[in-house]
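Summarising the annotation, Swiss-Prot assigns Fe cation binding site to His220, Asp222, His278 and lists sequence analysis as the type of evidence. What Swiss-Prot records for Arg288 is 2-oxoglutarate binding site, and it gives sequence analysis as the kind of evidence. For 193-297, the entry in Swiss-Prot reads domain 'Fe2OG dioxygenase', with the evidence type sequence analysis.
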Amino acid sequence: IPRVTPSTLTALAEEKTLQTSFIRDEDERPKVAYNQFSNEIPIISLEGIDDETGKRAEICDKIVKACEDWGVFQVVDHGVDAEVISQMTTFAKEFFALPPEEKLRFDMSGGKKGGFIVSSHLQGEVVQDWREIVTYFSYPTRARDYSRWPDKPEGWIAVTQKYSEKLMELACKLLDVLSEAMGLEKEALTKACVDMDQKVVVNFYPKCPEPDLTLGLKRHTDPGTITLLLQDQVGGLQATKDNGKTWITVQPVEGAFVVNLGDHGHFLSNGRFKNADHQAVVNSNSSRLSIATFQNPAPEAIVYPLKIREGEKSIMDEPITFAEMYRRKMSKDLELARLKKQAKEQQLQAEVAAEKAKLESKPIEEILA
């Protein structure tokens, strides 16, 4: 099948087979089902986190343990209004159900800041992810370009503003906890971001004809400081803490946020807090919606451990800007993809040569028989 980037993925969801541009190498394919849920990821109630009593200390201990263990946990009783969450998800579902031409009015290909895109993948990578997304660059607020925010369904812009504000508050609250755990002033991690940047990414994973051959979102760690993910009840978020040998599917919890740390948070803590290694799988039964809110440092923010514990060395050779850290991460990912492609081509050439040699060593009578 020729490689075709569809106008939208929703059209491909009805096909019987998957287009080759979405088929991943065997070692990258899902190993665990989208609905084979694990309870290994802790669910932490934030009720009482603002009381400067024993309750706060208890919650902080749980968060710190989760960050040291997995780099990912879920929070409930987080103070984000259920009505805002409900409106945000309802509007998002309505947007993805719009006809392709309505969604493509906000097409963000070609480097536009925000909008709609089909099957994002890194430039230079061959395999595409099975998802459609809407991206909002929401902080700093002065940099917002509302012409890139979908105006349908009506009312979504106002709800997204409110949602992004509430999630920024929650993210800062969680970073305060981690700063204290590192023995630093409360605002240390937030200050290290200089002028915190926020990106809201709404992911829509349509049902997929051959989900065992592809991923909704390839395996990765987030580059930024902290990510908050709202997911529906379908399931598909997976995490690994042994470099991909074993995977678990995170149990969806109604109204909860899945919190994970990114590379920036990992470096600031000198590796004490894990940057969660994760991916999204898809299924053939139903579509899935998730909303990821990324809090990142400003491009010029300096990345270096804020505290190095006694007897430890820095996990970084030198302080670098976040922009440079991100550039190096992208270059490394592209180089790995290139090497993998090269190895595949060499293996194919070796197999062809072996077949040819086998054929040449046979008597002509045997070949013609």
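Quick reminder: no glycine exception, Cβ is built from N, Cα and C everywhere.
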Provide the three-state secondary structure of Asp222 (Fe cation binding site) computed with DSSP. coil
Identify all same-chain residues not among His220, Asp222, His278 whose C-beta atom falls within 8 angstroms of the centroid of the Fe cation site's C-beta atoms; report them in sequence order. Leu217, Arg219, Thr221, Thr227, Asn260, Gly262, Asn275, Ala276, Asp277, Gln279
Arg288 (2-oxoglutarate binding site) and His278 (Fe cation binding site), compared by Cα position, are separated in whole Å by 17
Return the average pLDDT for the domain 'Fe2OG dioxygenase' (193-297) as a whole number. 97
DSSP composition of the domain 'Fe2OG dioxygenase' (193-297), residue counts helix/strand/coil, works out to 9 helix, 44 strand, 52 coil
I'd like the Cβ neighbour count for His278 (Fe cation binding site), meaning other Cβ atoms within 10 Å of its Cβ, all protein chains included. 24
10 Å Cβ neighbour count around Arg288 (2-oxoglutarate binding site)? 26
